[in-house]
Protein chains: 4
Amino acid sequence: MDTRFTGVIPPVITPFTAEGGLDLDSLEAVVDRLITAGVHALFALGSSGEVAYLTDAQRDAVIERTVAAAAGRVPVLAGAIDTTSQRVIEQARRAVGLGAEAVVATCPFYAKNDAQEIAEHFRAIAAAVEAPLFAYDVPVRLGGVKLECDMLVELGRQGVLAGVKDSSGDDVGFRRLVAANEAAGHPLALLTGHECVVDGMLLLGADGVVPGYGNVDPHRYALLWQASREGDWARARQIQDEICAGFEIVFVPRGRSADATGIGAFKTVMEAQGTIASNRMAFPVRALDGRVKDGILAIATAQGLI
Amino acid sequence: MDTRFTGVIPPVITPFTAEGGLDLDSLEAVVDRLITAGVHALFALGSSGEVAYLTDAQRDAVIERTVAAAAGRVPVLAGAIDTTSQRVIEQARRAVGLGAEAVVATCPFYAKNDAQEIAEHFRAIAAAVEAPLFAYDVPVRLGGVKLECDMLVELGRQGVLAGVKDSSGDDVGFRRLVAANEAAGHPLALLTGHECVVDGMLLLGADGVVPGYGNVDPHRYALLWQASREGDWARARQIQDEICAGFEIVFVPRGRSADATGIGAFKTVMEAQGTIASNRMAFPVRALDGRVKDGILAIATAQGLI
Amino acid sequence: MDTRFTGVIPPVITPFTAEGGLDLDSLEAVVDRLITAGVHALFALGSSGEVAYLTDAQRDAVIERTVAAAAGRVPVLAGAIDTTSQRVIEQARRAVGLGAEAVVATCPFYAKNDAQEIAEHFRAIAAAVEAPLFAYDVPVRLGGVKLECDMLVELGRQGVLAGVKDSSGDDVGFRRLVAANEAAGHPLALLTGHECVVDGMLLLGADGVVPGYGNVDPHRYALLWQASREGDWARARQIQDEICAGFEIVFVPRGRSADATGIGAFKTVMEAQGTIASNRMAFPVRALDGRVKDGILAIATAQGLI
Amino acid sequence: MDTRFTGVIPPVITPFTAEGGLDLDSLEAVVDRLITAGVHALFALGSSGEVAYLTDAQRDAVIERTVAAAAGRVPVLAGAIDTTSQRVIEQARRAVGLGAEAVVATCPFYAKNDAQEIAEHFRAIAAAVEAPLFAYDVPVRLGGVKLECDMLVELGRQGVLAGVKDSSGDDVGFRRLVAANEAAGHPLALLTGHECVVDGMLLLGADGVVPGYGNVDPHRYALLWQASREGDWARARQIQDEICAGFEIVFVPRGRSADATGIGAFKTVMEAQGTIASNRMAFPVRALDGRVKDGILAIATAQGLI
């Protein structure tokens with residue numbers, strides 16, 4: 001297992017100015033704050049980074065600035081998110097050329113493929129890209145497609161995959177993956193995308209966590225990780241409960257889209273924290289405002305986040 | 001309603017050579033055969049065109065050759081398929097620059113948006129692109145998201161949308177859309193993506209049909225359309241039944257991916273028809289072969305398709 | 001094919017008094033109105049009959065009164081709706097004992113079975129019950145399970161099934177079923193559960209229709225059937241469009257449950273028509289009232305339904 | 001919180017004879033073995049008890065014998081599984097009359113209700129039945145319907161619900177429920193239906209566990225519970241990992257129904273353990289046999305279960 005890509009690895013949000021352009025200065029501030037808080041790596045251009053909304057030029061700018069801001073203090077993984085293999089490879093090569101030390105790719109989407117085709121997809125990407133490859137398992141954005149445990153471990157054993165980012169919410173599946181990975185000699189770094197059951201996932205053997213909410217409260221995730229390394233699970237649970245109390249911000253918006261709700265709530269607190277200049281979202285998602293914003297900030301204040 | 005985009009409009013398949021590269025000469029043969037058979041327009045870079053698998057360079061080559069081969073005989077619509085507005089706009093502008101006379105775009109995918117955001121998405125595309133815009137409603141590839149009837153008609157009334165390609169399989173929804181469009185003065189050209197219930201959809205008022213299977217049997221769709229214009233519904237049903245008997249080819253493959261199954265079956269017959277050089281699919285989809293191929297060709301032969 | 005069970009066969013709603021008890025006198029009025037309007041059979045204890053909400057004693061009372069009210073003028077089919085074979089058989093035997101001339105059963109639900117187990121389920125019911133058996137294909141209430149075309153035709157050929165009530169909304173699947181049934185000698189009476197695309201379904205060969213909305217407007221469905229028998233498809237479409245204009249009542253309620261919305265809208269108009277005493281629904285579904293009721297009645301009035 | 005219903009509470013399987021009838025003697029053996037192994041209560045007529053397949057007479061016999069066999073050593077909860085309120089009440093009253101000390105009911109199914117109707121459903125059951133009521137959250141059998149956190153806690157606060165059996169697999173939702181329940185004074189006993197992440201669920205605050213696999217290996221669940229009470233989470237994880245190694249039996253059957261796969265695997269090991277006379281399943285589910293059976297028993301042997 002490549003230990004560079006373990007521990008707390010937040011999927012870095014992408015800040016926008018109030019006018020809607022990329023806000024790379026705010027991005028630098030986010031990166032600094034995350035590293036200062038003790039995270040172990042950064043994941044640029046993930047779903048929380050609104051990667052799907054960014055043009056190629058914007059994606060490049062985000063990676064470039066993230067790598068520059070990280071300045072070698074922690075490694076940077078980059079999402080190479082596109083519909084199919086050849087398109088992903090184009091994304092991935094640009095990212096690696098700009099300094100990303102690992103790439104993260106999903107199975108094909110819009111396309112409709114079976115397990116064998118999905119395995120070939122990852123093989124082709126790994127063969128074409130000079131960097132460790134993580135499989136990104138995120139059924140909720142991919143029409144429900146879930147990556148199979150046996151395939152993932154086999155691809156790990158063959159050196160195709162360096163790890164998995166599991167955002168499936170299928171904790172039983174994740175535990176089976178941990179066990180199968182262990183039995184195969186632990187080739188894969190297994191990262192949970194959970195924000196709220198990280199204590200349990202670390203207890204059962206996760207190698208790291210990629211929490212979107214880590215943009216808001218990176219310090220507590222670092223403490224949670226530390227407690228888990230010390231085997232202090234009661235403390236881990238206590239920290240996780242505190243995290244969850246803050247995470248309630250994402251349940252304040254009602255009747256808004258999933259992206260507006262989650263990423264929007266994170267950005268709203270980060271704006272109040274002074275890390276980013278605006279809680280603006282990528283077009284066409286409207287930023288949270290009014291009573292929703294008030295409700296989010298009330299929770300964040302009560303939880304000591306601002 | 002823009003009558004250029006009505007009638008039979010097959011989503012043109014994209015041929016590959018046995019080595020896996022684009023086969024533009026075969027593409028030209030497909031275009032010729034479709035136009036000769038009497039179709040009214042061509043839809044390049046749709047799902048049947050394996051658009052999700054093509055790089056931008058390949059997409060450009062497909063449009064260029066399709067437009068050249070059509071040579072003004074029928075108009076060419078082009079899919080501008082990408083995750084979100086700005087990315088779609090980049091695809092659409094290139095397509096229009098290469099001669100596409102209309103563009104077809106889905107709602108955002110991978111992203112998670114609500115109805116209001118989706119409407120803004122179409123507005124932004126229409127504002128940025130100098131060509132009629134069709135909304136492509138294909139929930140099966142988009143995590144189940146269905147475009148709302150009222151939104152579509154409102155966007156039609158406002159001149160944002162020129163039409164809808166409905167591949168939702170929701171025939172009740174399509175009829176409501178037809179009725180609402182009629183009540184609004186018929187701003188939208190409403191095209192059904194059905195291959196097998198086209199008679200019924202034309203009876204209830206569809207303005208056209210975009211049948212993937214039209215690559216295999218364009219002539220019968222042209223006859224079906226003609227019968228419908230003459231109000232000869234008994235004849236329309238008879239032709240549709242013949243079409244359906246041939247369409248059984250897509251049920252021959254078992255345990256293969258959805259793309260391998262449908263598009264793969266079409267290409268397998270087209271190869272035997274001599275229209276394309278190979279039934280090769282875009283990587284990582286393996287072409288149909290062996291007993292599956294035999295089974296498909298047996299049906300095609302029995303139905304007089306080869 | 002058993003021609004007793006073809007044509008227009010409304011799934012009869014179950015009226016309740018304002019106090020919440022069964023209103024069998026209103027039920028008798030409904031039955032009379034339907035038969036007078038020209039329907040060909042009645043389907044008691046279907047989903048529109050709120051069968052899932054009725055105790056066994058209530059179910060028996062409904063069948064008894066429906067049979068008595070029909071008085072041999074048209075045959076009565078009865079739903080035998082329960083989770084698994086033995087429980088369905090108990091329901092079915094009671095129904096037949098009370099005069100039902102055919103029974104209608106779904107595949108198992110709550111239970112999780114495969115295709116082979118589902119076939120055994122229907123075989124067991126048919127073997128245990130002295131009446132023709134219809135398979136009821138209603139995935140939306142059964143966790144998405146869809147009955148397979150080949151299995152249905154095979155069970156028809158073997159004399160297990162007399163027909164299918166298809167409420168799957170899968171029109172392509174229905175057409176395939178029609179074709180396969182025809183090829184097998186037409187053992188099955190194939191009834192569409194559609195309310196809004198009945199013209200198209202009759203055009204492609206449906207043997208009958210089971211429209212919930214037929215409780216509200218049985219006469220137009222009888223006329224639609226008649227037009228289809230005469231091959232007057234333009235007329236059929238016109239009648240269907242009129243039906244659809246009235247069917248818009250089900251889109252008036254917003255944010256209510258599916259049962260409140262559909263059946264509730266039907267009952268609301270039927271109350272205004274004077275057929276039933278109250279639009280009361282089975283507990284815990286609240287009857288539609290206030291502005292929603294006004295909106296429904298406005299449509300019904302405009303369409304000449306009251 | 002009613003502490004009688006906390007700890008390890010297996011959903012007791014229902015044995016059948018090789019001829020297909022209820023095997024109440026084997027049921028007694030199961031009950032004895034579970035109690036001897038240290039479980040804290042028994043849940044009869046759950047999904048693992050194949051409740052959906054049993055007639056009312058069979059359900060009564062199962063409860064009667066379970067209560068008799070338990071003989072007051074541990075309390076017996078009984079599933080009252082039916083489509084809607086009045087039918088559930090009939091099931092529940094019979095169960096309580098036969099000695100069940102609590103009843104477990106799902107939200108309505110086959111029926112399509114909203115959150116308010118679901119709350120009324122539970123209220124009606126609680127009002128009609130003289131025993132504590134548990135809500136059973138099992139979306140996978142109920143068309144995906146998930147019980148809402150706020151509703152559950154509110155019903156707990158009002159004394160309507162005594163607890164929740166959460167088989168939703170939504171661990172984030174479960175943690176939110178634990179937190180909300182705690183904030184409300186802990187009115188609900190919150191039981192996880194997980195078999196494989198019980199360590200994590202106990203760490204975050206579950207009050208008990210209802211593991212189907214507990215029929216096979218009750219002793220380890222009792223040890224896991226004990227470790228959790230002592231705060232020995234490393235030990236808890238170790239036991240859970242051992243449990244998961246045995247739980248792999250459910251992944252041996254391929255291409256069989258969900259019920260055949262899970263419950264079938266449990267029964268197959270229990271037959272080999274000598275607890276039950278046959279691994280027979282309720283009609284129409286065929287018992288596992290042949291190589292599948294061999295594969296299951298090989299795992300069970302390797303894990304020391306037989």
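Don't overthink the numbers, they just go from 1 along the chain as shown.
Cβ coordinates are placed from backbone N, Cα and C, and glycine is handled just like the others.
TrEMBL does not curate its annotations; it predicts them automatically.
Model, not experiment: these values are computed from the prediction.
Feature annotations, reproduced from TrEMBL:
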ACT_SITE  C:Tyr136  active site, proton donor/acceptor
ACT_SITE  C:Lys165  active site, schiff-base intermediate with substrate
BINDING   C:Val210  pyruvate binding site
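Everything TrEMBL records as a feature, shown here on the structure.
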residue: C:Tyr136; record: active site, proton donor/acceptor; DSSP (3 states): strand
residue: C:Lys165; record: active site, schiff-base intermediate with substrate; DSSP (3 states): strand
residue: C:Val210; record: pyruvate binding site; DSSP (3 states): coil
> Could you tell me the C-alpha distance between the residue listed as 'active site, proton donor/acceptor' and the residue listed as 'active site, schiff-base intermediate with substrate' in angstrom, no decimals?
Replying inline: 5
> Near C:Lys165 (active site, schiff-base intermediate with substrate), which residues of its chain come within a Cβ-Cβ distance under 8 Å, counting only those 6 or more away in sequence?
Replying inline: C:Phe43, C:Gly46, C:Val104, C:Phe134, C:Ala135, C:Tyr136, C:Asp137, C:Val138, C:Leu191, C:Gly193, C:Val210
> So for the residue listed as 'active site, proton donor/acceptor', how many other CB atoms are inside 10 Å of its CB?
Replying inline: 28
>> Applying a 10 Å Cβ distance cut-off over all chains shown, what neighbour count does C:Val210 (pyruvate binding site) have?
In response: 29
